[in-house]
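Let me begin by presenting the structure, written as structure tokens, before commenting on it.
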Amino acid sequence: MEAVPIQSENFKLGFIGAGKMAESIARGVVQSGVMPPQRISTAIHSNPSRGTPFQSLGISVYSHNTDEWAGHGRFIRVMPNTPSAVGMGASVMSLGGAATEQDGELVGKLFGAVGKTWKADEKLFDAVTGLSGSGPAYIYLAIEALADGGVTAGLPRELALGLASQTVLGAAAMAVQSGKHPGQLKDDVTSPGGTTIAGIHELEKNGFRGTLMNAVVAAAKRSQELSRK
């Protein structure tokens with residue numbers, strides 16, 4: 001995916017908060033060339049060390065969020081995720097009542113530079129948070145577990161981690177690019193009485209699918225609770 005630079009010199013990007021998510025997006029935006037760091041800023045309140053990764057990119061760091069206020073009331077809510085740092089993010093956006101379609105196109109271009117974007121009603125954002133917002137952590141846990149399984153079976157740690165990471169990456173690419181349902185892709189590598197079905201049987205016995213489903217629902221529920229505070 002080729003990033004398209006945002007040409008308007010009047011457009012600036014300000015991050016309210018300088019956490020890991022903001023860092024991931026900022027890094028992706030700068031490294032993709034969609035916007036120069038001179039037009040990006042953030043503010044640090046309590047932890048000065050959080051300014052270091054932004055400053056290393058050439059991004060301005062202020063003391064107060066009011067130094068980056070845009071001066072208008074048009075808002076677009078976006079739920080991105082941390083793989084935005086490597087241009088592989090999954091972002092969902094919802095236009096506020098005062099936002100224009102042009103605003104949406106501009107924000108879509110911004111987040112399109114660091115991954116794929118979707119539009120959805122804001123009422124779905126807790127579920128989005130539970131799936132794609134928190135989802136990378138579930139996958140990291142799965143990669144670590146796969147690698148540990150490889151080590152248990154006799155593989156060197158470095159080889160096991162490399163194989164686990166690349167296997168997840170390749171499987172995700174197949175799911176996105178092949179046009180096949182994940183169930184069909186699973187069946188394609190599951191021969192009768194073979195090694196794969198033996199492994200899947202163990203996963204099913206231990207509630208693998210239900211556990212992942214429950215994780216998404218639990219995270220979505222927690223998102224709802226936090227939004228009420």
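Cβ atoms are placed via backbone N, Cα and C, with glycine included.
Worth saying up front: this structure is predicted, and the values here are computed from it rather than measured.
The domain 'Pyrroline-5-carboxylate reductase catalytic N-terminal' feature in TrEMBL is assigned to 12-67. Secondary structure counts, DSSP: the domain 'Pyrroline-5-carboxylate reductase catalytic N-terminal' (12-67) has 27 helix, 10 strand, 19 coil.
Feature annotation from TrEMBL assigns domain 'Pyrroline-5-carboxylate reductase dimerisation' to 122-226. Regional average pLDDT for the domain 'Pyrroline-5-carboxylate reductase dimerisation' (122-226) in the model is 97.
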